[in-house]
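Enquirer: Attaching a single structure in structure tokens format; questions to follow.
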Amino acid sequence: MTLILGIDPGSRKTGFGIINQVGGKTEYVTSGVIRVHKEPNMPARLDLIFSSLVGIITEYGPHCMAIEEIFMGRGPDSALKLGQARGVAMVAGTQSKLEIFEYAARKVKQAVVGNGNADKDQVAYMVQSILKLPGLPQEDAADALAVALCHNYVHTGLINIAGATRTRRGRIV
């Protein structure tokens with residue numbers, strides 16, 4: 001049994017999803033979105049992300065964390081805020097003694113959908129299908145579950161992500 005916590009970090013919404021790998025079977029455990037957009041400032045948002053993730057880790061006891069890497073799509077200010085959210089998520093994991101693995105969004109999409117350019121609807125549909133969920137998960141939760149599935153596929157050797165030749169410190173290189 002391996003519980004994998006997937007994280008889709010964001011400065012306003014952080015998605016999380018936990019899957020369980022038992023033998024050759026992958027099971028859905030839980031998922032959701034930590035919404036922090038109503039907090040008055042960035043330090044308060046980061047504190048809420050951190051404390052929420054510590055609570056989730058304490059409640060479910062995952063064995064590792066898989067987190068999406070930063071992309072520079074919206075500009076430097078957005079990337080900096082995203083980096084801060086990623087940072088507190090990673091600290092929540094390391095303080096809980098979780099091994100942390102990082103995956104680029106394109107590689108997550110390639111692993112789950114089969115297309116590195118897939119849109120969010122395609123990712124959500126495949127997550128629903130793979131995990132046999134009764135409905136589509138929330139967008140950020142679907143992305144987090146996709147990150148967890150990607151790690152599961154890479155870790156168990158079910159797939160070899162195109163261009164991934166080896167890992168270094170938990171990162172596919």
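We number each residue from 1, going along the chain as drawn.
The backbone N, Cα and C atoms fix where each Cβ goes, and this holds for glycine too.
Automated prediction, rather than curation, is the source of TrEMBL annotations.
Features from TrEMBL:
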ACT_SITE  D8  active site
ACT_SITE  E68  active site
ACT_SITE  D140  active site
BINDING   D8, D140  Mg(2+) 1 binding site
BINDING   E68  Mg(2+) 2 binding site
Enquirer: Where does D140 (active site) sit by DSSP, helix, strand or coil?
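Expert: Going by the DSSP assignment, D140 (active site) falls within a helical segment, counted as helix.
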Enquirer: Which chain-mates of E68 (active site) that are at least 6 residues away have a CB under 8 A from its CB, listed by sequence?
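Expert: Once residues fewer than 6 apart are set aside, E68 (active site) is near I7, D8, P9, E102, Y103, A104, A105, V108, D143, V147.
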Enquirer: For D140 (active site), which residues of its chain lie six or more apart in sequence with Cβ-Cβ distance below 8 Å?
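Expert: Within the chain, D140 (active site) has Cβ neighbours under 8 Å at D8, G10, K13, T14, G15, V33.
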Enquirer: What number of additional C-beta atoms lies within 10 angstroms of the C-beta atom of D8 (active site)?
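Expert: A 10 Å sphere around the Cβ of D8 (active site) contains 26 other Cβ atoms.
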Enquirer: State the three-class DSSP label for D8 (active site), counting H, G and I as helix, E and B as strand, and everything else as coil.
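Expert: Once the DSSP labels are grouped into three classes, D8 (active site) ends up as strand.
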Enquirer: Any idea what DSSP makes of E68 (active site), helix, strand or coil?
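Expert: E68 (active site) sits in a strand per DSSP.
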